[in-house]
Amino acid sequence: MAYATTLVCYALIIVTLIALIQESWAGVDPAKQRCAFTRGTWCTNYAQQELVPWRPAPRGSKECEGGCNNVGRCNYDTGLCDCPAGWTGAGCKTPQKRPCTHMQRKGDAGENATEPYSHIGPDGRDLDWTNVPFPQYYSRCGGICDDEVAICYCDGPMGRIPAPPGSPPGTPPLQVGRPLMTMAHAPKTTWDGRKAFGEVDYKLVYGPKGYCNVTDPEWVPNCGMDGLAGRTCDSPMEMFCPGSCAGHGRCYLGFCVCDEGYYGHDCARRKAGMPLLPSRIPTTPWLAEVVREPPSALEPPPAPTRRRPLIYVYDLEPMYQSKILQYRVTPRWCVHRWHVWPANHTEWTDLWVYAMDTLLHESLLGSPHRTFDPEEADFFYVPHQASCLPFPIGAWADFPWFPDAGGPRTRQMLNLVIDTVQWINATFPFWQRRGGRDHIFTFTHDEGACWAPNIVNNSIWLTHWGRTELNHTSNTAYLLDKYDRDTPTILQPDGFVHLFKGHPCYNPEKDLVIPAFKAPGHYASSGLVGAPTRERDLLFFFRGDVGKRRQPNYSRGVRQAIYRAAKAGDWAAKHKFYIGGHDDVKGEYSDMLSRAKFCLVAPGDGWSARMEDAVLHGCIPVIIADGVHAVFESILDIDGFGLRIPQEQVPRILDILLAVPPRAIRSKQAHLGRVWQRFRYASIPGLSDELKRMQLHNQPRLQAEAMALANITAAAEAGGAAAAAPKLPLPRPFAGDPTEDDAFDTIMQWLYSRIPHTRG
């Protein structure tokens, strides 16, 4: 009886402690609780700011030329047409083809610098299957090519049937057809046995039971195309568009076709004088997972006041945003989420490592920080899609190029950003007003903003790569991305390096290193989201590329040096110090992170998302990157929960880690529990809902864990042993609203502190 009573008492004590921790995170004192372990006053200033009136959204009324040719959408603010893939120019009257091709232009003299190569005839069919140059390009077509987006479809009964000749622009095909996405789906011979460019037996594609000929074929490829799914790729599926067109339009491969009177890249705006129309969301429940009517679009506004910063999101010329998404072709590339068949359920992905481009864009579209009134905006967000250019865009067809082909892949990204700024400056007055200081750009590629053009030097850069040195020679081991390798072309005879030379990759006075996106499933087994707590029985963990087949400068040599020392000293067996690839380090990745005391954060070709992996699993990050800020290092007390080791001390890493006192380890773990939620993204409705479900699912585990601790302590007491005070496993989960103080909210809080600096 005494044992049971003691057990219950200890359990109540521990559950009460958990409740107190959770209550502290619920915002009892925002200035103290929410802003613990931050650097400076940015967080407390945001929490204590004076709210501003929430004004009704302005609504445009400028008509567009010729109804945008029945293919584009009218922006009633500017009176300009937004044209989808296949069209361009005033009123969307000029065709802009992206034909399937067997080769690409070069940027050197003698090549045609303006027109894309094509290897299809007027009927969309390949001109000669037996022409097999090297290298092959993904758009090479074994059927009929849609030359607006360079997508290949079957020829034959199950194939594409275009709109009849002479049909008005925008007329859909009579039959979409089954896709043949790449040469991996095309026949490897002609009908009469001659070698062709594809990789599949001819009869499997065009034989009597072939994929392109019968309803139930003997072979089917992976669809590989956004919008089509099912065994034979005949089932329509919801496509990805930022904001899912706000329930007032339909998505076509990244381009929102808005309902009559609605406009903007997410169809959230409504023409002046037009009544509210019914939303598509009630009839498309899969959209209800991720879409809400943007608060800034509501009339009257949802609240009398709101917090700053107020951010105007540009509806960019589609070539810099939505056309790039259309040209990406496949569901998972270039985006943070996609819909899956058969129920159109949303899945989140961090397989595309540059997913912050679309994630931050979509988060802003549905945020109360968004304003449709540029005159009240504190900042202007530029949602360019430059990081999607290198792949798949650059490897697919022979269009688009910025301004022409040639040079490293970063040259294309740099020129896209320059074109974007020039378009903004020609269309709006806001760039010149403050010299671009209040404009926000994301630079998510491997070496961040190192290649950013000087035209945006004054602007705010949100990046994953916090390299601070002014002399920032490219350190990538992937030569196609070596941004300081100058290459003259026809349209840039002086090269492009002079367009960015002279600025650091990152300036902590105006820029911010932000977390990469990690999907909830990536850290679902972490104790920080309430999963069963694992004993931290591993001293050190890193699994990934350790440069075995890389150039010596990869990771600045850090991963290689630690790997060699660990192998030579048998550190895994002697000290549970694990580093290596999948062949070296076995076990489930999330489980290993959750069991490790220390986790390596070192560069790859540039930035690496290992900081996020460590923090989201409660593992103390060991940062080895001289002159490089880690995620949020300029605004959080990184030293309180991390450990930075100079690169010259890498040979001593084992001794350094073994010398860290247990009390210091526990202190850093406790500190992690107060900041880790700032490294996850949760501000999109479906994302926050998934995290809330995860919290509810894991709540019984937390209570069971508390009972287990109490049981151990009470048993020791019953046996006559001195009962030590039960220790809560550290770090502890965040139990509040997942959107509060998440990564997006942290970025907004920091931006609020930057408002005065943009007015100089």
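For all residues, glycine too, the Cβ spot is worked out from N, Cα and C.
All TrEMBL annotations are machine predictions without curation.
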C64, C92 - which one TrEMBL pairs with C74 by disulfide: C64
Of the candidates C68, C92, the one sharing a disulfide with C83 in TrEMBL: C92
Distance from C64 (disulfide bond) back to C83 (disulfide bond), taken between C-alpha atoms, in Å: 12
Among C83, C92, the one of these disulfide-bonded residues whose Cβ has the fewest neighbouring Cβ atoms within 10 Å: C83
Distance, C92 (disulfide bond) to C74 (disulfide bond) (CA atoms, angstrom): 10
Candidates C64, C74: member of the disulfide-bonded residues with the richest Cβ shell (10 Å): C74
Averaged pLDDT, computed only over the residues in the domain 'EGF-like' (60-93): 96
Summary of DSSP states over the domain 'EGF-like' (60-93), given as helix, strand and coil counts: 9 helix, 9 strand, 16 coil
C92 (disulfide bond) versus C64 (disulfide bond) - Cα distance in angstrom: 10
